[in-house]
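Enquirer: Input: one structure, supplied below.
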Amino acid sequence: MSYYMSPIVQKITGADPGTFVLFYVPECPYCQRALSTLRERNLPFKGYNINNISGNMPRLLQVLTTYSNLTGFNPYHTTKPIIFINGKFIGGMDDLAKYLDVQFTQ
């Protein structure tokens, strides 16, 4: 049986393995830092500007909360950026830095 899945969630769950999915806004310094970090490390990512999502941040948070059982999204995370890898929620910029430290120091 098939069911409807939001295009937002499809971007997360359908990304290639090892590809980060980042929801950001251009004017956010934490978003810019996350994008720069991924670029500097030559890590694959797909970036999606939250301003281009119909309903912007409130809609994004609503969808991510609705489908949190699939992605592990924490509904208490309400800041930008919002980052996933391998279909699972990482967090924001600080969480990305911790994730990369663990991944690259083992």
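Just so it is clear, glycine is given a Cβ too, placed from its N, Cα and C backbone atoms.
Below, the features straight out of Swiss-Prot:
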DISULFID  C28-C31  disulfide bond
DOMAIN    8-106  domain 'Glutaredoxin'
Enquirer: Neighbour count first, Cβ atoms within 10 Å, every protein chain included; then name which of C28, C31 tops the list of disulfide-bonded residues.
Expert: C31
Enquirer: What are the DSSP helix/strand/coil residue counts across the domain 'Glutaredoxin' (8-106)?
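Expert: The counts are 48 helix, 18 strand, 33 coil.
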Enquirer: Within the domain 'Glutaredoxin' (8-106) only, compute the mean pLDDT.
Expert: 96
